[in-house]
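Right, one structure below, let's go through it.
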Amino acid sequence: MLDIIQAKNYEDMSEKACEIMVDRLNALINPILGFATGSTPEGVYKQLIEKNKEKAISFQNVMSFNLDEYVGLKKDDPNSYYHFMFQKLFKHIDILTDWIHIPNGVAPDLEKECDEYEQLIRDHPIDFQILGLGVNGHIGFNEPNTSFSSRTHIVELDESTRQANARFFTSMNEVPTKAITMGIQTIMESKELMLLASGSHKADAVAKLINGEISESFPASALKNHQKVTVIADEAALAKA
Ligand SMILES: O=P(O)(O)OC[C@H]1O[C@](O)(CO)[C@@H](O)[C@@H]1O
């Protein structure tokens, strides 16, 4: 079941999401958080930084796992998700670097990297996972027709996903063709999930999520089988639902 919260706009969506996170962070003793990249959660991260500065929350006892990383981009590549997370959140808060986990997209043995990442999550089950939504319904980098039983694995990125993310690269050729992502089953094992969506370009995907059937052709629909998932979407994203 999806618990849907309507927000006015991006700012309001980010505020509502931050409120929920502050609540969970303060309720859990040693929170294990799952973070997402992309433009959607940036506003929440900005607000979490402020809350941390005001000492309304602390990340000192937080362990984190990120959903995904491009294959072939080093940590210091400006387009790596490692770089994104440090620039947008981690370097501004009191989280312990040793407790941050992001898949290594340049690991010499990528299969082994996936297995080890999956095992780490099994050993440290995620309490609260943030998700964005791809225009094709992807969550993490699980593209349409990924098995709902998938675990951390390497994916070939959809052309539509590469195009959607091309805005961050100087040319389409530079957009990686592969990524490591938590699988859908990995994501579903988080105790709580929060999916965010903003803007009219997400309206079709949000409508399909809310009104469509549960199908592997639309990865985000798996969330309807989860016990505790909140969708926070703004008016533009909810326009077709
Ligand atoms: O938030 P954005 O930039 O719209 O991206 C949506 C989703 O697409 C990804 O950026 C991957 O393409 C995810 O990380 C994100 O959840």
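Just so you know, glycine gets a Cβ as well, placed from its N, Cα and C.
Unlike curated entries, TrEMBL annotations are predicted automatically.
Going by TrEMBL, these are the annotated features:
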type: ACT_SITE; residues: Asp68; note: active site, proton acceptor
type: ACT_SITE; residues: Asn136; note: active site, for ring-opening step
type: ACT_SITE; residues: His138; note: active site, proton acceptor
type: ACT_SITE; residues: Glu143; note: active site, for ring-opening step
type: DOMAIN; residues: 11-229; note: domain 'Glucosamine/galactosamine-6-phosphate isomerase'
Other C-beta atoms that fall within 10 angstroms of the C-beta of Asn136 (active site, for ring-opening step): 19
Fewest Cβ neighbours within 10 Å, where candidates are the active-site residues Asp68, Glu143: Glu143
Distance, Asn136 (active site, for ring-opening step) to Glu143 (active site, for ring-opening step) (CA atoms, angstrom): 8
Secondary structure of Asp68 (active site, proton acceptor) (DSSP, helix/strand/coil): strand
Three-class DSSP secondary structure - Glu143 (active site, for ring-opening step): coil
Set of same-chain residues at least 6 away whose C-beta sits under 8 angstroms from His138 (active site, proton acceptor): Pro144, Asp158, Thr161, Pro219, Ala220
Rounded Cα-Cα span from Asn136 (active site, for ring-opening step) to Asp68 (active site, proton acceptor), Å: 17
Rounded mean pLDDT for the residues that make up the domain 'Glucosamine/galactosamine-6-phosphate isomerase' (11-229): 97
Collapsed DSSP category at Asn136 (active site, for ring-opening step): coil
